[in-house]
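Per TrEMBL, these features apply:
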TRANSMEM  12-34  transmembrane segment
TRANSMEM  46-67  transmembrane segment
TRANSMEM  73-94  transmembrane segment
TRANSMEM  137-161  transmembrane segment
TRANSMEM  176-195  transmembrane segment
TRANSMEM  215-236  transmembrane segment
TRANSMEM  256-276  transmembrane segment
């Protein structure tokens, strides 16, 4: 087994990373209890889901670190969970504006600037779109499709993997991996676009609710779980990361990626606790007070 083949520094490293994962989960549980007690029920579940992203990724990475053969399942679990978090983050921005009605009322004559990343940041000629119920529906649909289709694609990948038809490092046109990964990449870009459009519109309005650091933490998780993991996997495929006594080059690359994710998600969990925790009984800036009042009027 992997644990039996570790030397003393390796066991100390694994134990320290496991402790970081446990602390991340304890911090999240404490924060979830605080959110459940202090935040209104309309926002409660959404904020808990978003705060759970880093601890869940740290937990799946820790399992994959100790049990290398489970990497396929742990990576897919984390990917599916974060796909749901992307949709929840969009819904959180709408809720923080007081709900859909208050958002439409505040931006009654406003327009969405759709020439933003990751799809159309270079298309400056794109027209601005009126902010209506229809456009909000399309924005929510853009993130919701990712939360629906990614679990289906991940399940299909696992089924093909158990049958020997799916190999993560087989990127030939005849393999299933390249087609599934390309389709997932397209769906990811489509899902990230509505979040960027909404953030660009509401960031000044929600500045008092720390929307910029919240968006930054969301972007950090996205980059670390996708770009960083992809770069390490490419280095492992090219044998730049050497094989170890018990692990092949690809397995060692996955182990390095998981160890980095545990440390990074631990830090993000601590920062999330600072960003998402605020005294909800204290007076807020005038803009925030108006939004909270509008939200309370909507819900009996």
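The backbone N, Cα and C atoms fix where each Cβ goes, and this holds for glycine too.
Owing to the predicted nature of the structure, the values given are computational and were not obtained by experimental measurement.
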Candidates 12-34, 46-67, 73-94; stretch with most C-beta pairs under 8 Å toward the transmembrane segment (137-161): 73-94
Long-range environment of the transmembrane segment (176-195) - Cβ separation under 8 angstroms, sequence gap at least 6: 83, 86-87, 89-90, 93, 114, 116-120, 138-140, 142-143, 145-147, 149-150, 153, 156-157, 160, 165-170, 218, 222, 226
Distant-in-sequence neighbours of the transmembrane segment (12-34), which means Cβ under 8 A and at least six residues beyond its ends: 3, 6, 48, 51-52, 54-55, 58-59, 61-62, 65-66, 259, 262-263, 265-266, 269-270, 272-273, 276-277
